[in-house]
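Asker: Here you go, one structure.
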Amino acid sequence: MLPLLGAALSGLLAFLAGIFEDSESNAGSASNPNSQVQLAPQIGHRHRYFNKAISGEPPANALWVTTAATVAVLLSVRLEAMGTLYSVILSSVIGALVSALLLGLYGILAHISRIASMRTFRQPLYWDAIFSALPLGISFGFLTAFSLTLLSFTAGMMLNNPFSVPLIALLLGITIGSIGSATGDIHYGAERLYQHYMFGSGIPIAKQGDIDIKGEYGYRNSVDTPYFTLRFGAMVTAFAFGLLIFLDSLSRVFDFAGVWTSVIVELGIILIIFIVTVRLEKYTRDKYGPFMR
Amino acid sequence: MEPVTAFFAIILGGVLVGICVHFIPASATGAMSAATGIATGPSMLSAGAGMAGLLSASYSIDSGLSVVLASGATASALMVALTILSGNIANAFGTGVPPASGQTASGQSITGKSTKDAISGWDQKPYISPGTDGHGMPVQTNFSGLIGAFIGGTGGALVLFAVYTLLVPILRQDAAFTISGFIAGGVFLINCVLPAYTLVGKTEGMFDQKIRKTPKTLVSCFIVSSVIAMIIYIAAVVIQ
Amino acid sequence: MSTDMKKEFTSQELYFIALVPGIIAILMVKFYHPVTPIAVILIWPAFLSGANAVRSVARYGLGTGTASIGYWGTAVGATIAFISQFINPAYNFVSPYFEILSALIVGAVTGICAQRIIKMKIPVMIRDSAILASSTAIIAMFLLGMLTEYSASVTTVDAYITYPLIYIATTLAILHPFNGSMGAGENQRRTLRLSAVEASMTTALFGLIALLFSEALFFTGISVIIVSAAGFVIFVKRWFSAVKEDTYEFAWTGYPPAEH
């Protein structure tokens with residue numbers, strides 16, 4: 001019973017973490033689409049985006065999550081008298097707060113420094129572009145760190161992973177960062193930043209940097225971005241990461257072939273996913289047809 | 001596993017990690033649906049897949065080498081398979097483009113002048129948005145990505161198991177688990193950046209012309225892994 | 001750290017001012033732990049040296065992100081620092097020289113591979129790869145020493161749970177100054193000043209970790225946080241004065257010019 005419960009809980013936490021992670025990166029224009037925001041002033045689009053660019057998503061998320069998890073582990077030892085569950089949850093909140101503070105500091109430093117490097121292209125530094133988007137990014141970062149810290153504790157305590165909790169957090173942080181930048185970013189980079197281009201086409205390399213700087217009303221700032229990407233991009237990220245953690249945990253619940261059970265189950269799942277991906281490709285090819293001008 | 005075998009296992013693991021990066025399709029401009037491959041840098045994506053593999057391999061570390069290797073490989077492949085599926089969903093419904101290989105469409109892939117997908121046989125050329133280098137992950141890159149993830153996950157798990165066998169005699173068991181996990185992660189991160197130098201930030205996997213440059217990566221990773229393995233071996237075995 | 005000179009520092013100069021104080025700082029925490037707050041100041045140049053190495057390598061367009069070169073360098077330095085933690089205590093005298101030299105060798109070997117086998121044609125590849133890896137080894141050895149050397153007998157949790165944080169926090173502090181300042185107007189002065197800000201942020205974080213890590217490190221943790229906070233205030237002021245010179249225009253709010 002406990003492994004199944006652990007698998008379900010970790011799946012849920014991973015799903016939530018996926019949503020928050022993608023929203024956090026989009027609220028700060030982090031990761032790959034950042035190059036577009038960076039290019040925009042060079043072709044004459046002075047923008048009001050929050051250009052956070054702390055680093056690629058994997059190391060950045062790994063830092064938030066590992067900070068939260070390390071502080072949480074050290075604190076939970078101190079708070080042991082409160083009982084395991086309470087001490088874990090309370091110390092995870094405090095750990096996530098520390099990492100949110102760190103995220104805020106790195107975010108401010110990164111934005112100001114990047115805009116300062118845009119002097120040649122006459123890009124002004126708008127203070128409200130930072131300070132309206134920053135709390136949103138910090139809160140999403142807090143939620144990411146919190147859910148992943150709880151997920152690391154779940155893996156370490158309920159699923160009996162032999163690694164220590166901060167190491168699990170580091171591995172999970174790098175994994176969620178690479179999934180987030182590989183899936184959710186497409187919705188931000190190819191659709192949200194280029195909404196004035198027609199739907200149904202990749203962004204030609206010659207057009208890169210020609211981003212949409214007008215919003216639903218007025219000029220667009222980064223607060224508007226998660227509002228858009230939460231509906232699809234964040235969900236796709238959550239789908240990938242949540243399913244990865246859930247299926248990986250679930251494959252260890254069964255036992256029909258001894259130690260090889262999880263490997264056999266995962267191979268079956270990979271085959272199914274491969275078939276689904278091929279069918280999806282066939283569907284899009286039939287449905288959309290060849291490219292038409 | 002004997003200490004000397006473990007020494008060679010660390011080198012082999014490092015080389016496998018290096019090779020895996022060549023097989024996993026990745027390109028940063030994929031995030032703008034402007035290039036074929038998973039929408040992030042090759043080394044970043046391989047690192048993510050490798051870490052997922054290490055996490056999964058750690059569960060079965062007491063069940064013997066073959067199970068550890070298989071768990072690492074399948075978990076990495078599961079991560080890449082899910083990322084490819086989700087990336088294609090994001091391309092199909094977020095951007096509205098079908099997956100298509102840019103290099104195959106321009107007749108420059110390793111299969112020759114054919115513009116058809118090497119596995120499914122579907123023509124790639126008409127589906128490319130003009131001005132882009134393809135988008136999404138068509139069947140051939142998907143297949144190649146899975147192979148790459150299997151190789152990389154095996155390499156990561158091999159390093160994990162080898163370092164673990166070196167550390168178990170000299171440390172407490174829980175410390176040995178975590179430290180070997182960390183060192184395996186470190187060896188993975190060191191080796192997955194070298195191929196990125198060869199790939200210059202973009203690859204379509206094993207049907208890309210850049211696969212021909214794999215020997216360069218192989219030699220580089222072999223040299224670097226040997227030095228690292230020697231340092232681990234000196235610290236864990238020689239001066240004990 | 002007089003970073004306001006007009007001419008650029010070379011990597012070797014920065015590495016030299018990182019290496020000597022870095023080794024002194026490591027030996028200080030190793031043999032006389034109460035001076036840790038002073039040693040923290042001596043370790044900051046190592047962050048500058050690492051950030052400068054990332055800058056000089058990444059400026060050439062590596063074909064991989066700045067983030068990748070940052071985590072590669074720290075992976076070399078930190079992994080070797082952690083490997084050294086399980087060598088027999090009887091050989092303790094080889095530390096930290098063994099780690100710093102090993103990191104230098106691995107970095108140089110990687111640089112040679114990139115230069116000779118992959119043929120990258122980046123003139124500074126070998127030198128700066130070695131400096132990058134070695135600087136991160138200095139930082140990792142210092143942070144490890146700060147947390148473990150003194151408290152080993154009185155701690156309630158094991159030191160190895162902090163390894164991941166040491167690794168990833170160093171990574172970000174090394175790669176972020178260049179990555180965060182990237183753009184046409186990037187210059188070494190501002191990048192290094194940003195690096196100093198982030199170095200003090202990172203040591204403050206480890207002050208907090210030390211505080212929580214062991215009862216015996218309570219005062220060490222508090223004093224490290226205070227020293228780092230003081231450094232943070234000073235460095236932020238210096239960095240912001242550079243930003244004021246470099247930025248085109250400050251505005252509280254407004255519309256981008258010429259497009260409405």
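Even glycines carry a Cβ here, placed using N, Cα and C.
Where the annotation comes from TrEMBL, it is an automatic prediction and has not been curated.
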Asker: Please find, within the list A:13-34, A:167-188, the residue stretch that TrEMBL describes as transmembrane segment.
Answerer: A:167-188
Asker: State the non-local partners of the transmembrane segment (A:167-188) in its own chain: residues 6+ outside its ends, Cβ under 8 Å from one of its Cβ atoms.
Answerer: 14, 17-18, 21-22, 25-26, 31-33, 56-66, 68-70, 144, 148-149, 151-152, 155-156, 161, 225, 229, 232-234, 236-237, 240-241, 244-245
Asker: Counting only residues 6 or more past its boundaries, what in the same chain has a CB within less than 8 Å of a CB in the transmembrane segment (A:130-155)?
Answerer: 6, 9-10, 13-14, 16-17, 20-21, 23-24, 27-28, 50, 52, 61, 64-65, 67-69, 72, 88-89, 92-93, 95-97, 99-100, 103-104, 107-108, 111-112, 161, 165-166, 168-169, 172-173, 176, 221-223, 226, 245, 249
Asker: For the transmembrane segment (A:228-247), give me same-chain residues lying six or more residues beyond its boundaries with a C-beta closer than 8 angstroms to one of its C-beta atoms, as numbers and ranges.
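Answerer: Sequence-distant neighbours of the transmembrane segment (A:228-247): 7-8, 10-23, 26, 151, 172, 175-176, 179-180, 183-188, 192, 266, 269.
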Asker: State the residues, same chain only, that lie 6 or more residues beyond the ends of the transmembrane segment (A:85-109) and have a CB under 8 A from a CB inside it; answer 'none' if no residue qualifies.
Answerer: 28, 50, 52, 54, 60, 63-65, 67-76, 79, 130, 134, 137-139, 141-143, 145-146, 149-150, 153, 157
